[in-house]
């Protein structure tokens, strides 16, 4: 005989539908992180260079890296979240050019080709990507990896 909890979940899934049930049952993110489409995001207002930001993201476990931004909707959700905290400082993301040949890669291994480069961004000797505050964090700049900035981490739930 099914427990009351199992019966309640079955009833909820039948009445509310799978979308509502998935929101109710979605895994929780670490305290201070936010959830969007099977991922948790942590925005950190600490100043770190790009490589130290990536190492700090990895230290949180769960396969966390500097965030990959894979489509316009995800970019919009992130933008709204960050602008709730600040509107002036760039934020590191996980896109970088490790061979310094303009062959950009995501630190989490994502292969999505979505890119939102600011058309005015300079590329010489700049091999790490940041979200641009002048465009509400919806476009990206190439910047020197040694600069110390805020950063955004992401992991899959």
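Here the Cβ of each residue, glycine as well, is placed from N, Cα and C on the backbone.
Over in Swiss-Prot, the protein carries these features:
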| type | residues | note |
| --- | --- | --- |
| DISULFID | 29-40 | disulfide bond |
| DOMAIN | 36-154 | domain 'C-type lectin' |
| CARBOHYD | 49 | N-linked glycosylation site |
| DISULFID | 57-153 | disulfide bond |
| CARBOHYD | 62 | N-linked glycosylation site |
| BINDING | 97, 98, 99, 100, 101, 102, 134, 135, 136 | carbohydrate binding site |
| DISULFID | 128-145 | disulfide bond |
Summarise the domain 'C-type lectin' (36-154) by DSSP state, stating how many residues are helix, strand and coil.
25 helix, 36 strand, 58 coil
Measuring Cα to Cα, tell me the gap between residue 40 (disulfide bond) and residue 101 (carbohydrate binding site) in whole angstrom.
31
Set of same-chain residues at least 6 away whose C-beta sits under 8 angstroms from residue 49 (N-linked glycosylation site):
145, 146, 147, 148, 149
Spatially, which candidate from the recorded positions 29, 57, 62, 128 is nearest to residue 101 (carbohydrate binding site), comparing Cα atoms?
128
Pairwise Cα distance for residue 99 (carbohydrate binding site)/residue 57 (disulfide bond) [Å, integer]
22
The record names 97, 98, 99, 100, 101, 102, 134, 135, 136 as the residues that bind carbohydrate; what is their largest Cα to Cα distance in Å?
29
Counting other Cβ atoms within 10 Å of each Cβ, which of the binding-site residues 101, 134, 136 scores lowest?
101
List the recorded positions among 29, 57, 62, 153 whose C-alpha is within 10 Å of the C-alpha of residue 97 (carbohydrate binding site), in sequence order, or say none.
none
